[in-house]
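Take this structure first; my questions come after.
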Amino acid sequence: MNTTANPSNIIVGLSGGVDSSVTAALLKQQGYQVRGVFMQNWEDDDNDEYCSIKQDSFDAIAVADIVGIDIDIVNFAAQYKDKVFAYFLQEYSAGRTPNPDVLCNAEIKFKCFLDYAVGQGADTIATGHYARKEVRNGVHYLLKGLDQNKDQSYFLYRLKPFQLERAIFPLGGLEKPEVRRLAAEFNLPTAAKKDSTGICFIGERPFREFLQKYLPTDNGKMVTPEGKTVGEHVGLMFYTLGQRKGLGIGGGGEPWFVAAKDLTKNELMVVQGHDHPLLYTRSLVMNDLSFTLPERPKEGHYTCKTRYRMADAPCELRYLDDETVELVFDEPQWAVTPGQSAVLYDGDICLGGGIIQSTDKPVIITR
C-alpha cells in the first residue's frame, strides 16, 4: 500500500464509487483507524434524472456500514460553486476548454476536505485516486499510478507539498481489474458500479443543455481556413479543438475537425482530415503554474501530457518569466487546447504544470 507514513487516524473520501470503497476497506483491513466522509458539493437541480448525488451518498453510507466505519456527510457546495464552478463558466465564456477535475482536486478534495479532516483530528486523508507517493529524504513525490490506463496523476498536479504530505493513495499500486476483484471479495455494493465520466461532483448529463442554463449562446458559421462556409455551429463554447463528432457537416471526403475559434466573428474554423497541419502544434505557453515539489523544475528536457491518457510527449521547458512557461515539443502535438492543463513529468514523477494559454497556432482568436 502507498502510505509512505504511519498514520493512525485516516479519513477517507467516500464518493460512492468502487475505488474509494476499496480504499476504505483496505485501510480498515490493515488495522488503521478509519472514518469516511461523503462530500456533497452540488445542490443545483439535484432532483433531476442526471444528478447521481443522492444515489452516491446512499452507496457511500452502505459501504461504510459493510466496512464497519463511521461516515459523515459534509457540504462544500458553496466552496465548489465559488472556487470551481465559477472558473468553469468563466473559461467556457472565454472560448477555452477547462478541466474542472483538476481544480476540484486542488480546491475541494485536497483543501476543503483536508482542512475538515485535520479539524476532526485526522493525521491523513485517503482517496481512491490511481497515483502513487514516495518519500525520499523527507520530500514527498507524486508518482504515476501503476495502472497506465487509469493513472490519475494528471488530475493531481496542482497539489502542493503540504497537501501531499497529508495524503495517501492506497490504490496507486493496483490495476483496475484487481480493484474490482477486491470490491467483490469485500462484498461491497459498489463492486460492479460503473465509473463516473461526468463533470466532477455534478454527474453525467447532456452537456449542451446543462451549459445553456448558465451561459448565453449564439449560433454562427462553420468556416474552412479559406473562408468557405460549410455549416452552422450552435455556440462556440460547445466545441473543443480536435472535436469530430456533432459537427453535422455533410458531403464526402475525410472527416471534419475543429481547428480554431474566432470569438470576434463568432466563427468556428473546421478542417478535413485528422492529420491536417492546422491541428498540430510545436509549442505552447502556459501560466497559472503549480508544482508538487518544494523547488520548481529547472529548464531542460522533460515529458508532458496536454490531456488525460495521452502518451507522454518529450519537450523542452523554458521559463519566459517567473509565472510563464513555454514548452517546445520534440514532435508536433495534436489538438493542444487552451484552458486544458499541461502536466510535466520526470520519468514517473509528476512535477506539476499549468494552464495552456496559447500555442504556436492562432486557435482562440479574440481580436
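Quick reminder: no glycine exception, Cβ is built from N, Cα and C everywhere.
In case it helps, Swiss-Prot gives these features for our protein:
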type	residues	note
ACT_SITE	C104	active site, nucleophile
ACT_SITE	C200	active site, cysteine persulfide intermediate
BINDING	G13, L14, S15, G16, G17, V18, D19, S20, M39, G128	ATP binding site
DISULFID	C104-C200	disulfide bond
SITE	H129	site 'Interaction with tRNA'
SITE	Q340	site 'Interaction with tRNA'
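I would like each feature placed in context: is it buried or exposed, what are its neighbours, and how far apart are things?
The DSSP secondary structure for C104 (active site, nucleophile) is helix.
Neighbour count (other Cβ atoms within 10 Å of the Cβ, all protein chains): 25 for S15 (ATP binding site).
There are 23 other CB atoms within 10 A of the CB of C104 (active site, nucleophile), with all protein chains counted.
Long-range Cβ neighbours of H129 (site 'Interaction with tRNA') (same chain, at least 6 residues apart, Cβ-Cβ under 8 Å): D19, G145, Q152, F155, L156, F169, L171, G172. Under the DSSP three-state reduction, H129 (site 'Interaction with tRNA') is assigned to coil, being neither helix nor strand.
Its Cβ placed at the centre, Q340 (site 'Interaction with tRNA') has 24 other Cβ atoms within 10 Å.
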Could you tell me which three-state DSSP class D19 (ATP binding site) falls into?
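It is helical.
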Measure from the CA atom of Q340 (site 'Interaction with tRNA') to the CA atom of S15 (ATP binding site) and give the result in Å, rounded to a whole number.
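With the alpha carbons as reference points, the distance is 25 Å.
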Which residues of the same chain, at least 6 positions away in sequence, have a Cβ lying under 8 Å from the Cβ of G13 (ATP binding site)?
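In sequence order, the residues whose Cβ lies under 8 Å from that of G13 (ATP binding site) (at least 6 apart) are S20, G36, V37, M39, K109, F113, I125, A126, T127, G128.
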Check G13 (ATP binding site) against DSSP and tell me helix, strand or coil, would you?
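SS state of G13 (ATP binding site) = strand.
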Counting Cβ atoms within 10 Å across all protein chains shown, which of the binding-site residues G17, D19, M39 comes out on top?
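The largest 10 Å Cβ neighbour count belongs to M39.
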